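Inspection log for the structure reproduced underneath, given as structure tokens.
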Amino acid sequence: MQAVGVIGAGQMGAGIAQVSAQAGYRVLLSDVSRERAEAGKAGIAKALDRLVTKEKITGDARDAALALIEPVEGVAAMGDCALVIEAATEREEIKRAIFADVGKVLGPQAILASNTSSIPITRLAQASPDPARFVGVHFFNPVPVMGLIELIRGLATSDATVETVEAYAQSLGKQVVRANDAPGFIVNRVLMPMLNEACFALGEGVATVRDIDLGCQLGLNHPMGPLTLADFIGLDTCLEICRVLHTSTGDPKFRPAPLLVKYVEAGWFGRKTKRGFYDYTGPEPVPTR
Ligand code: 3HC
């Protein structure tokens, strides 16, 4: 494959750029400014350094991967990319504006993919230059560690598009699951009700943050308790996904927990704001309830 364009150099976009470069793809990385794209690359350099220190990769492999990542200004340079992956903020109007921009340069065979966690692919495809060449490609956080990519096919997505992107995903060393364009796809459809229920349990005084998390972590053999995971994903993101599930299905089982809503209203988004169900200002996270 020719170059891969990645739009959005935050946690997800940088992770996607990193794993793509490690698999040998040339990557054009953009964000709202070249500085943000450069900052994304600097974060990738640190992540690769850690892998070298842990002797997971060689110094040469780190240098080769870094050399393949080019921070760019805007999307104008992405005209020769075979695949452009949008990993920008999870707001539909932002994604639509990006697709309009990319549409001006996207090659006639090139595929446009969105890493959206919950916005319907069929609807997003309407803002893309060619819905047949539009697909959902859902990575998981932290991208370099998580072994899964969910591929979501919109109503108009062609077989060729799904097959090409599946081959790309597999070339990153990830397993692929295919989902139809239903709210939450597979993983968030199952995960978010669990995280939301943990928020209900906390809000109703069933148990403390520590006990809910430890109970689920050890009782279910999960790597993180649900409240830790919600903080890790971002409480704003969790709430947004719960709202998409609730409004698009109309099913009250997906209604967001009042405590989750309150935390987001307070600006307590989890790790990224250093306050969520835990306080992250010290050396170790401290439960807040
Ligand atoms: N980036 C890169 N590597 C990371 C990392 C990060 N942010 N965090 C941890 N790692 C690596 C570590 O370096 C370590 O690598 P090693 O085994 O090669 O030395 C390995 O992951 C394990 O890390 P730690 O020993 O520090 O800590 P843990 O064993 O607690 O693992 C974790 C951390 C991998 C984050 C683990 O707790 C985990 O898997 N948690 C669940 C994550 C999860 O469920 N993600 C999906 C969220 S849902 C989603 O993304 C969808 C979206 O739409 C909401």
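Cβ atoms are placed via backbone N, Cα and C, with glycine included.
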Of the candidates Asp31, Asp80, Asp130, Asp279, the one that TrEMBL places in the NAD(+) site of Gly8, Ala9, Gly10, Gln11, Met12, Gly13, Glu90, Lys95, Ser117, Asn141, Lys272: Asp31
Candidate binding-site residues Gly8, Gly10, Met12, Lys95, pick with smallest Cα gap to His138 (site 'Important for catalytic activity'): Met12
For Asn141 (NAD(+) binding site), nearby residues of its own chain (Cβ under 8 Å, 6 or more apart in sequence): Gln11, Met12, Gly15, Phe232, Ile233
Packing count at Asp31 (NAD(+) binding site) (other Cβ atoms within 10 Å of its Cβ): 24
Cβ neighbours of His138 (site 'Important for catalytic activity') where a neighbour is any other Cβ within 10 Å: 23
Nonlocal residues around Lys95 (NAD(+) binding site), in sequence order (Cβ under 8 Å, 6 or more apart): Glu86, Ala88, Ser114, Thr116, Ile119, Leu124, Ala127
